[in-house]
């Protein structure tokens with residue numbers, strides 16, 4: 001075993017000891033609560049590092065709030081609604097039966113996840129790939145792997161609240177039906193037709209999350225010119241200027257297929273892609289045959305370049321702008337041809353879209369049930385919520401744009417898993433629309449059933465309906481839906497209402513930035529529609545995508561890490577620390593494996609040092625504390641304040657900066673400066689572990705409970721920035737002496753200067769006066785330079801201007817909060833030790849070569 005692996009195993013053993021000390025705690029309702037949620041992941045595979053990055057934002061914050069004494073609820077569900085699971089199960093069945101062409105092998109995907117193919121038919125081995133031809137096998141398999149990964153990761157999750165979605169879970173099914181009944185009662189749901197991206201394989205709308213390729217692609221209208229023999233060819237926007245001509249040239253490729261088809265009694269010819277869109281937008285379209293243009297049209301130019309669609313050569317004038325605008329504006333909800341003179345319009349995807357089923361998508365005019373997110377009253381209500389919401393400036397701006405942009409959303413589907421729409425049992429509710437207020441379900445789930453899918457009931461399913469949820473959410477006080485003699489059921493309903501009232505609203509919703517334009521804006525709008533204002537979400541945090549070693553994660557290119565692999569390679573604590581420093585904004589973050597390895601070594605060294613110091617404990621009187629002792633205490637406590645502020649702001653990079661690196665540097669400096677109080681070092685490590693507990697909970701828990709103890713220190717009049725400034729000054733002085741003196745010099749004269757040069761002191765005094773008089777004046781800089789010019793000599797002008805501006809903007813740099821002479825004399829031996837030179841300390845009132853905190857340094 002390599003040295004690195006030995007150290008990793010050592011850390012993992014300590015983590016496991018700390019993990020065993022973590023027990024599920026009871027909720028004490030006399031404490032303040034904090035409710036954190038994260039979008040439940042889709043159960044068509046195991047978790048990867050990208051999932052874990054976003055989860056870590058919520059998880060670390062949950063531990064932080066727990067440290068503050070809150071009752072933290074961080075639940076976790078498993079999303080199974082939608083078509084990807086059904087599509088994969090269907091494709092797998094075809095693949096095992098050798099039916100049809102397979103673009104991506106589901107067998108190979110499942111093999112990459114660790115499953116094996118024992119047979120091509122049905123067998124009893126639950127780990128056999130053949131079992132995945134049943135969509136619900138996916139729903140029952142991947143949640144357990146997901147949970148196991150997150151348990152090993154030390155996630156602070158209340159697993160009693162977990163569940164899977166879809167109508168296989170009757171409790172969640174009733175919850176979604178309640179939601180959509182409520183929305184229908186509010187007149188937020190309507191029915192109609194809409195041009196939508198459509199998958200012919202699934203025979204239904206294909207939204208972004210259902211696509212393998214083409215996320216964000218929308219339907220766009222194109223105008224087709226009707227040429228001789230009713231040949232339809234797209235008109236480009238640059239050809240919008242005038243009249244049709246019988247000699248128009250068609251530019252195309254030999255490889256493009258052309259289809260002859262009829263609409264009612266009219267026969268047309270169009271390339272196959274155009275035909276495949278028209279047939280889903282117009283009634284009575286029938287394919288006649290595949291044809292070639294040769295013989296049908298005389299003016300054809302064949303090119304070898306890769307063109308997306310055939311086009312008309314721009315040597316002739318084709319279409320007036322007025323006609324074009326009329327055609328585009330004539331969008332209607334009838335399955336009829338949009339035609340004007342020698343032109344027709346159809347809708348196509350603006351770019352290639354491939355569904356998860358492998359189908360090349362078209363545009364169809366579909367019957368749809370809509371959530372009417374364009375409703376102005378609904379939007380205005382959401383604006384109130386958004387104005388009160390806490391979020392980063394970037395996230396809030398993106399949410400505001402999304403709210404302005406959002407329009408009707410078609411939610412009905414014909415294929416996949418999910419809940420049937422209560423007003424039309426022929427359709428399912430899509431996977432984005434059934435996932436907007438499910439956080440409320442977490443608050444009561446543990447009272448309703450034990451398992452993930454409602455097969456182990458605690459509350460009778462017969463009572464689950466609209467009246468139940470109205471009562472729980474406080475919209476009704478009627479409880480007559482319960483049998484009066486069923487006292488246990490009545491108690492559960494009361495407890496459910498109490499739990500909801502205790503935990504709602506959501507205090508923090510964490511999500512990837514890619515969900516701002518859909519899930520997160522739906523999340524806000526549905527909350528304001530369903531719940532009272534006091535139960536609207538309070539804070540949203542979003543993060544960017546995660547890169548791996550600076551590159552986009554990709555299985556096919558070998559740049560990929562699953563959660564299990566990451567934890568196996570780096571252990572839990574190093575993985576968590578590396579995720580914490582990856583990034584804290586909507587910009588892409590970067591997980592660097594070499595950094596994760598370095599954290600393994602750093603945590604190993606830290607652990608060894610803690611064991612050494614813990615076995616050499618001693619006590620000392622506060623009266624015996626030295627300057628370096630005061631430095632240690634002040635620095636650790638100030639780092640603690642900065643660390644906890646960074647937690648609150650969800651800037652975890654700074655948590656690692658202050659809580660880990662700065663604390664380590666403080667302890668190393670303490671030892672370098674001769675600090676020898678083991679009791680204080682023990683206290684410093686204890687506080688460091690407390691500060692890092694949310695990031696490395698199991699390792700910190702082990703040290704806090706088993707190795708370190710909380711030592712009581714009287715902090716009154718001890719914590720002061722002056723102690724830190726004094727020691728940092730000495731460290732900088734050592735650096736300057738080593739840098740600016742001759743290597744072979746044996747002796748250094750260190751001349752401390754008591755005062756700034758007279759011209760600087762006059763400038764400083766004048767600037768302080770001007771800041772009081774002109775504190776709100778935008779021209780303060782100009783006034784300062786004008787007033788201070790009298791103190792700055794001509795030979796000093798450039799230097800003087802720079803000094804005045806620096807003092808005006810950064811006065812704190814010039815505030816001397818410690819005794820320079822005291823610190824220099826106290827730590828003279830340390831300076832000599834670190835520079836290997838004899839130090840002679842001299843004092844001057846002022847100097848042209850030095851000033852306070854910047855002594856003259858002369859080797860001799």
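Including glycine, each Cβ sits where the backbone N, Cα and C put it.
Remember, it's a predicted structure, so these values are computed and weren't measured experimentally.
The stretch that Swiss-Prot tags with motif ''KMSKS' region', taken from the ranges 542-546, 547-551, 552-556, 557-561, is 552-556.
Swiss-Prot assigns the feature motif ''HIGH' region' to residues 41-51, out of the candidate ranges 41-51, 52-62, 63-73.
Outside the motif ''KMSKS' region' (552-556) by six or more residues, the chain places 48-50, 112, 545-546 with a CB less than 8 A from a CB of the stretch. The Cβ of residue 555 (ATP binding site) lies under 8 Å from the Cβ of 112, each of these being in the same chain and 6 or more residues away along the sequence. In terms of DSSP secondary structure, the motif ''HIGH' region' (41-51) contains 3 helix, 2 strand, 6 coil. In terms of DSSP secondary structure, the motif ''KMSKS' region' (552-556) contains 0 helix, 2 strand, 3 coil. Summed and averaged per residue, pLDDT over the motif ''HIGH' region' (41-51) gives 95.
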